[in-house]
């Protein structure tokens, strides 16, 4: 079997499947009443994931080292990670809207690797001496998985911002679930655009109320008095989310938090492994190389995100903006440094 031809075929097939999957997800978002589109989207993403895994396996057999040593290999490894995390997120949330945002990114990365990179960068070459280490798999693979996880989590935060754009949304569910009940409030929308929340406590007061005697000026009969004041809040109809969109926003907020919570420890482990490897290879744990600096910036951004959510109880728009910032920082750390700068990680630089 010609492994080189197999790899070339698989990278083109992966791109084609991801492109078709992206269109399916977009059609599903435009026409949600067509039931089989969501199944086709998930199936397409799973097939693309399998094709990329086979491509990486063929490259491993051909080159005899784990395929994350150059930009082409790392791009497809990143795409495989994104499709894997996508499938996990979709299964956890039950929201097919996830694919509307993740499939274009996965397709774009595979297109860049398969169609844009020069052919000489797509072939396997012997490892440079600095990469002939067991730390290659440990450090680079964990870093790439953290990038994939953080990218998907940040994408879902961006999706939250898009869905709730220009609208005031207050989420009151727990950050640890995907379908939390907004504090058991019964919410009903009235025609005069008044939002009325009736809490279980009010119902309990009504049920358990015992009348007490009160004299009136007109007669001396004993009457029962219970005065209940219901407070309503007038809300501009333009800022009210429909119950369906509010539920989707809640799911996206929660699942984004959980995925970023998975990606952050992976990033931490990857940075620590890289520091140990750097000490073995270059005699220093930290040298403020551009890649190291941006990895630290990435870590700080997502550390701030998790700190705000865990200790400050942030939900909704504020942490989503932090995650969206992290999305840009991850790409600078991964591609920007390699494409636009030189340093100890210059083996990926080609511009």
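Here the Cβ of each residue, glycine as well, is placed from N, Cα and C on the backbone.
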- Taking 236-256, 320-340 as the choices, which stretch does Swiss-Prot tie to transmembrane segment? 320-340
- Task: Give the range, chosen from 122-142, 143-163, that Swiss-Prot lists as transmembrane segment.
- Result: 143-163
- Task: Sort out for me which stretch, of 68-88, 97-117, 259-279, 294-314, 320-340, has the most Cβ pairs below 8 angstroms to the transmembrane segment (12-32).
- Result: 97-117
- Taking the transmembrane segment (143-163) as reference, which of 68-88, 294-314, 320-340 has the most Cβ pairs under 8 angstroms? 320-340
- Message: Given a Cβ distance threshold of under 8 angstroms, which distant residues of the chain, six or more beyond its ends, lie next to the transmembrane segment (294-314)?
- Response: 143, 150, 175, 257, 260-261, 263-264, 267-268, 270-271, 274, 322-323, 325-326, 329-330, 332-333, 336-337
